[in-house]
Amino acid sequence: MGNEVRVRYAPSPTGHLHIGNARTALFNYLFARNQGGKFIIRVEDTDKKRNIEGGEQSQLNYLKWLGIDWDESVDVGGEYGPYRQSERNDIYKVYYEELLEKGLAYKCYCTEEELEKEREEQIARGEMPRYSGKHRDLTQEEQEKFIAEGRKPSIRFRVPEGKVIAFNDIVKGEISFESDGIGDFVIVKKDGTPTYNFAVAIDDYLMKMTHVLRGEDHISNTPKQIMIYQAFGWDIPQFGHMTLIVNESRKKLSKRDESIIQFIEQYKELGYLPEALFNFIGLLGWSPVGEEELFTKEQFIEIFDVNRLSKSPALFDMHKLKWVNNQYVKKLDLDQVVELTLPHLQKAGKVGTELSAEEQEWVRKLISLYHEQLSYGAEIVELTDLFFTDEIEYNQEAKAVLEEEQVPEVLSTFAAKLEELEEFTPDNIKASIKAVQKETGHKGKKLFMPIRVAVTGQTHGPELPQSIELIGKETAIQRLKNI
């Protein structure tokens with residue numbers, strides 16, 4: 001094995017890019033770039049029943065959108081291809097035939113029914129289900145009998161007895177398995193397709209992978225892959241198994257959990273920024289030295305240390321993601337924020353697709369009001385709802401404000417001041433509020449809060465004069481008089 005670090009992300013084209021898979025890709029990418037090595041994408045598409053049309057391209061597109069690039073893959077080629085497992089069957093055949101020849105693998109003619117019966121009997125005896133090995137040493141005559149019955153064989157790896165398979169995991173430390181607890185496992189299915197563990201071991205060796213960084217759900221696969229390496233006398237790559245991502249209930253993130261958005265495509269559609277997602281995912285199970293939490297891609301590459309991968313589960317905190325994204329939104333100029341948010345207002349039917357110069361100016365002012373507090377693009381629809389509705393609803397907090405004794409005087413006086421305005425500008429609106437203060441003697445919260453609640457329906461919000469300007473003179477006066 002050479003000195004150059006070579007790592008891979010190996011997606012199956014069975015669906016869209018999940019946040020967990022994006023993290024696996026990102027950590028491998030950062031490790032390769034930090035070490036001046038190579039990052040490879042290999043498509044594991046042998047499970048044809050689960051593959052979906054466009055799944056492969058979708059994975060690649062959203063990795064690119066996040067800001068991840070690669071050195072070798074189906075789209076850019078490379079000297080260790082093909083990079084789709086479905087195109088490597090002739091390669092796998094050479095290696096499983098070698099194992100058969102050496103007696104390190106054998107043909108198994110057991111039917112699914114026989115295997116199921118064996119499993120049930122083992123469970124009934126309180127044993128861990130595993131293949132008994134009853135076809136380990138079939139005679140030629142026995143094999144011919146099964147063939148005559150029309151049985152098709154799978155090929156099983158002959159697991160050595162009484163061995164300890166140990167490896168030093170980058171994240172977890174020393175891990176070991178007893179070979180007697182594993183059982184002879186299938187390396188080629190009855191239809192001639194290699195199984196995951198066999199194909200992965202062959203590919204990782206031939207593509208010269210030095211490290212294999214993946215989720216901890218792969219730990220149980222590792223001893224099988226190591227035994228395949230050992231059977232061929234190959235150097236074994238260094239393994240690192242990243243901890244699970246958990247939700248706020250500390251349960252493993254499940255694709256069925258609808259309380260958390262889990263696919264990169266959905267975040268893009270909602271108007272999250274790729275740089276912010278890159279930053280957030282980069283801290284899911286990895287921590288830098290110090291307290292800083294915001295890093296550019298270049299900074300991540302510089303500081304990434306694979307030995308700082310967390311040993312405890314990574315908490316997916318939606319509030320934290322919104323905070324991180326907000327920090328990036330704040331850095332955008334107004335044109336960029338308009339580009340991020342306007343399509344969401346249009347999709348929601350709040351504004352038209354063809355805007356006059358006057359309408360464009362109004363929308364820009366509206367979006368500018370919420371620039372600092374905006375967490376993601378689509379949030380603009382919810383934040384600005386009060387500007388697009390005839391009837392505003394008041395929550396309990398707002399109702400409590402409107403029940404204070406000074407409210408009728410403040411609101412009626414302010415309505416009269418607004419009616420007098422010829423130019424409805426923030427400066428003139430601000431002057432009108434000051435005039436109400438002077439005339440009624442009410443100031444501070446007693447003055448501002450009833451006006452804000454009456455006109456916006458909210459107890460908190462952006463600059464009041466600017467908000468009232470955008471609501472419009474007629475609507476603002478109507479809302480004041482409706483209380």
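The backbone N, Cα and C atoms fix where each Cβ goes, and this holds for glycine too.
The feature Zn(2+) binding site is assigned by Swiss-Prot to Cys108, Cys110, His135, Asp137. According to Swiss-Prot, the ATP binding site annotation covers Lys255. Annotation source Swiss-Prot lists motif ''HIGH' region' at 11-21, citing sequence analysis. Here Swiss-Prot flags 252-256 as motif ''KMSKS' region'.
Sequence-ordered, the extra residues of this chain that approach the Zn(2+) site, with Cβ no more than 8 Å from the Cβ center of Cys108, Cys110, His135, Asp137, are Tyr106, Lys107, Tyr109, Gly133, Lys134, Arg136, Leu138, Arg156. The predicted model assigns the motif ''HIGH' region' (11-21) a mean pLDDT of 92. In the structure shown, the C-beta of Cys108 has more C-beta neighbours within 10 angstroms than that of any other entry among the binding-site residues Cys108, Cys110. Residue density at Asp137 (Zn(2+) binding site): 10 other Cβ atoms are found within 10 A of its Cβ, drawing on all protein chains shown. Once Cβ contacts within 10 Å are tallied over all protein chains shown, the binding-site residues His135, Lys255 are led by His135.
Taking H, G and I as helix, E and B as strand and the rest as coil, DSSP gives the motif ''KMSKS' region' (252-256) the counts 0 helix, 1 strand, 4 coil. Note: the CA-CA distance between His135 (Zn(2+) binding site) and Lys255 (ATP binding site) rounds to 39 Å.
Between the CA atoms of Cys108 (Zn(2+) binding site) and the residue listed as 'ATP binding site' there is a gap of 35 Å.
The two recorded residues, Asp137 (Zn(2+) binding site) and the residue listed as 'ATP binding site', have Cα atoms 43 Å apart.
Helix, strand and coil counts under DSSP for the motif ''HIGH' region' (11-21) come to 3 helix, 1 strand, 7 coil.
Counting in whole angstrom, Lys255 (ATP binding site) lies 34 from Cys110 (Zn(2+) binding site) by their C-alpha atoms.
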